[in-house]
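Features as listed in TrEMBL:
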- Cys105-Cys152: disulfide bond (DISULFID)
- Cys110-Cys115: disulfide bond (DISULFID)
- Cys123-Cys144: disulfide bond (DISULFID)
- 1-103: domain 'NTR' (DOMAIN)
Amino acid sequence: VIRAKVVGKKLMKDGPFGTMRYTVKQMKMYRGFQIMPQVQYIYTEASESLCGVKLEVNKYQYLITGRVYEGKVYTGLCNWYEKWDQLTLSQRKALNHRYHLGCGCKIRPCYYVPCFATSKNECIWTDMISNFGHSGYQAKHYACIQRAEGYCIWYRGWSHPDKTIINATDP
């Protein structure tokens, strides 16, 4: 998970459709230090129909998530990427103070009601019901975190989550 500005792009001629290689200037890394402390390139499919993402060069800073495979960072439409200035204050704060508390949790999308958690380490993501996905209210203002008892819950707030009474029905 990084905050970066795209400073170049190049179409690589590998595979039938090619891969887009974005050269990035990494501003901050939020997660992944152990695997790759510095990211210089982000790879994605060249075609949006194959889940490739289109990032603009020298225009915006982006929050980019992805995976590392064979020493390269890949992203796509199933990963979270967003223009930095489009993130809410809650999302920016959560990058530094909340999201890491949910590493033991699984977020399960709910496409229609009723939805139920099948284990204590699940948060049910209801933004999918309204088709808002990553830009829905729950995604913009809440973080799925794991409590000391092992249960995962949606959290919205500024104080430490272990010292706050949480309304679990809020989202």
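Note that Cβ sites are derived from N, Cα and C of the backbone, with glycine treated the same way.
Caution: TrEMBL annotation is automatic and unverified by curators.
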Residues satisfying Cβ distance under 8 Å from Cys105 (disulfide bond), sequence separation of at least 6: Asn121, Glu122, Cys123, Cys144, Ile145, Gln146, Cys152
Least buried by Cβ count (within 10 Å) of the disulfide-bonded residues Cys110, Cys123, Cys144: Cys110
Proximal but sequence-remote residues of the same chain as Cys115 (disulfide bond) (Cβ under 8 Å, at least 6 apart): Arg108, Ile124, Thr126
